[in-house]
Amino acid sequence: IQGYFILEDLPMDMPPEVPKEDGRPKWDNKFQYILSCIGFAVGLGNVWRFPYLCQIHGGGAFLIPYFIALIFEGIPLLHLELALGQCLRKGSINAWHTISPYLGGVGVASLMVSVLVSLYYNTILTWVMWYFINSFQEPLPWSVCPLNENRTGLNEECYESTAVNYFWYRKTLNITPDVTDSGTLQWWLVLCLAACWAIVYLCTIRGIETTGKAIYVTAIFPYLVLTIFLIHGLSLPGATEGLVYLFTPNLNILKNPRVWLDAATQIFFSLSLAFGGLIAFSSYNPSKNDCEKDAVTVAIVNSITSLYASIPVFSVLGFKAITGYWDCLDRNIISVINEYDLPEQSITRQNYTDWITFLNSSNPEKLTGLKLKSCDLQEFLDQSVSGSGLAFIVFTQAIILMPGSQAWAILFFVMLFSLGLSSMFGNIEGVFTPLLELQVISKSIPKELLSGIICLASFFFALCFTLGSGSYWIDIFDSYAGSLPLLVIAFFEVIGVVYVYKIKRFSKDVKWMTGRKLNLYWQITWRFISPLLLLIVFVAFVTLQIQKTPTYAAWNPKYVCFLIFAILNRSEGCMFFSPTKSFKITALQSCITNTRDGNIFKGSRETLLLSTMTGKEAVAR
């Protein structure tokens, strides 16, 4: 007998039997699988977004909503995806279609998000590669302003801003004044983009058979570099101030709903939920594997990595702040000494405040005429920034101040590239595995050719990000393609398993795989807490988006302040193809097909694991 079976019809005292080999690739070992999941989860956001959120949301106080979101949202959803993929041994599209034809759109939406995110995520690696190549120059090209065309002075645009900003906005992006001005393709970015996709292709050429080997380097190397930066960062002046600023709790800020929203979204996106990559990774596991332990391990390692990365990041940023503060003081000291004709070294950083107080009481008009800058360490520490601004502007500026800046720049950008590359493996796997399993793809097509087609097509589509307006479009993609659709996908994932497939059946499947019954924690979070949290986050996210006018940072030399915030027309911010539309399309198609065939409820009552077995294997179970 072959087909679908109901678990309740089988004797529960029968000894379970592992399904026969189905020809799917397998992980070489458990460690390789865990590393791949960790590499997919731990990405650029752990380094350049989590520390920023801690900084602006009350330091150590942010950890309270962060860990609450981890326990009640992150870990349950991660366990659900890993268990689902391991149970069915299928990619996202086939997995959700097996649960119910109406949920096939969940898998299609996951695939679409993985495609869209891969396009701009690999472009960020393109920027990293460009900076890495330029890190071998002495001095670093973003440390000094170039000469003008007549070689009679410094470039005016660079002189009016900073060398770091000029190298990023002009020499790297060659950015246009606004998103409506497309500009031209930047050949250096095109070459780097081609190189990045070539590297991704070589690493994913045969799916997990090749990514499983590369992950040992791409997942472990960033921890080595973070440790080196940690040791060096703690020895820098200002490191203590940076860490105190980062982790000093401000509990009053917890009254702000935005803090809780950012904590929930950070956990969700940091674990790479709803992309389909985790389902694909776990589908290559043996059916008898402790997916519960795997989920807890990956989630904890991801969060610890975020905390661990924050220490070297803010050690270096503290060093940058104290250096800027000292530089401000030194300029003021020179001005005061020259104006009052005081002996050199009479005013130091330590007694500067006393001197200013004394001079202000004796001759305030003269002191006021100097127009001294206000030097406040807190203001330098308050200069918060995340994303590309942290990596390519703030951190690169801090690296310039370090002894041996070339070596530190090389290490930093190699680390970022490794972090991004391991995340790309999961994104590509979320596309690669479903396409392999779809019947529209001929089985005669070798994996190498399919992987090559995916990477080549992605390269051509991603060329738009190498235009002068490319960085604006990346911001738009990041804000719309990789945020709201994922919340919708995850919500339907939980609803599909708990209320369509039924939690009771799923619990029995998990018990068979792990050897133990699901405890009350999983039951409550899957049934109530996780879907409710996702719904609250979704509503809050949409509400905030509606309330504020969409803007983007633009670099326009015609303005006195180059970095301005331009208003984004909402029509430009709407994705021309929304991944969430695939829900309605697939559900409608299934409804028409099943109504015509007379089995409208088919697929909603199957047991996940049994749906992948032959009749003989199911009875043996």
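Using N, Cα and C of the backbone, Cβ positions are placed for all residues, glycine too.
Please treat TrEMBL annotations as automatic predictions, because they have not gone through curation.
The transmembrane segment annotation in TrEMBL covers 33-51 (among others).
The annotation Na(+) binding site is assigned in TrEMBL to GLY39, ALA41, VAL42, ASN46, SER270, ASN302, LEU419, SER423. For LEU419 (Na(+) binding site), applying a Cβ distance below 8 Å and a minimum sequence separation of six or more within one chain yields VAL42, GLY43, LEU44, ASN46, VAL47, THR218, PRO222.
The transmembrane segment annotation in TrEMBL covers 63-84 (among others). Long-range Cβ contacts of the transmembrane segment (63-84) within its own chain (Cβ-Cβ under 8 Å, at least 6 residues beyond either end) map to 37, 54, 95, 254, 259-260, 263-264, 266-268, 270-271, 273-274, 278-279, 281-282, 291-292, 294-296, 298-299, 303, 490, 493-494, 497, 506, 509-510, 513, 522, 525-526, 529-530, 533-534, 608.
Annotated transmembrane segment per TrEMBL: 105-133 (among others), in sequence order.
Outside the transmembrane segment (185-203), and at least 6 residues removed from its termini, the chain residues within Cβ reach (under 8 Å) are 122-123, 125-127, 129-130, 133, 172-174, 210-211, 214, 218, 421, 424-425, 428, 451-452, 455-456, 458-459, 462-463, 465-468, 470. Among the features that TrEMBL reports, transmembrane segment is placed at 185-203 (among others).
As annotated by TrEMBL, transmembrane segment applies to 215-239 (among others). Long-range neighbours of the transmembrane segment (215-239) within the same chain, counting only residues 6 or more positions beyond its ends whose Cβ lies under 8 Å from a Cβ of the stretch, are 32, 35-36, 38-39, 42, 203, 305, 308-309, 311-312, 315-316, 318-323, 402, 408, 411-412, 414-415, 418-419, 421-422, 425.
Feature annotation from TrEMBL assigns transmembrane segment to 259-281 (among others).
Annotated transmembrane segment per TrEMBL: 380-401 (among others), in sequence order.
Residues or ranges marked as transmembrane segment in TrEMBL: 407-428 (among others). Listed as Cβ neighbours of the transmembrane segment (407-428) (distance under 8 Å, sequence separation of 6 or more from its ends, same chain) are residues 36-37, 39-40, 42-44, 46-47, 114, 117-118, 121-122, 124-125, 128-129, 131-132, 135-136, 140, 199-200, 203-204, 211, 214-215, 217-219, 221-222, 225-226, 228-229, 232, 272, 275, 277-278, 280-281, 391, 395-396, 399, 451, 454-455.
Annotation comment: TrEMBL describes 449-474 (among others) as transmembrane segment. Within the chain, the transmembrane segment (449-474) has long-range Cβ neighbours (under 8 A, six or more residues past its boundaries) at 115, 118-120, 122-124, 126, 173-176, 178-186, 189-190, 193-194, 197-198, 200-201, 204-207, 388, 428, 431-432, 435-436, 441, 552, 554.
Positions annotated as transmembrane segment by TrEMBL: 480-503 (among others).
According to TrEMBL, the feature transmembrane segment maps to 524-546 (among others).
Annotation source TrEMBL lists transmembrane segment at 552-568 (among others).
The local packing around ALA41 (Na(+) binding site), expressed as other Cβ atoms within 10 Å of its Cβ over all shown chains, amounts to 27. With respect to Cβ pairs under 8 Å, the transmembrane segment (380-401) is most closely packed against 33-51, considering the stretches 33-51, 259-281, 524-546.
Those same-chain residues not listed among GLY39, ALA41, VAL42, ASN46, SER270, ASN302, LEU419, SER423 yet with C-beta within 8 angstroms of the centroid of the Na(+) site C-beta atoms are ILE38, PHE40, GLY43, GLY45, SER272, THR305, SER422.
Cβ contacts within 10 Å of GLY39 (Na(+) binding site), excluding its own Cβ and spanning all protein chains shown: 29. Counting same-chain residues at least six beyond the ends of the transmembrane segment (33-51), those with a Cβ under 8 angstroms from any Cβ of the stretch are 27, 82, 124, 208, 211-212, 215-216, 218-220, 222, 246, 266, 269-272, 277-278, 281-282, 284-285, 294, 297-299, 301-302, 305-307, 309-310, 313-314, 386-388, 390-391, 415-416, 419-420, 422-423, 425-427.
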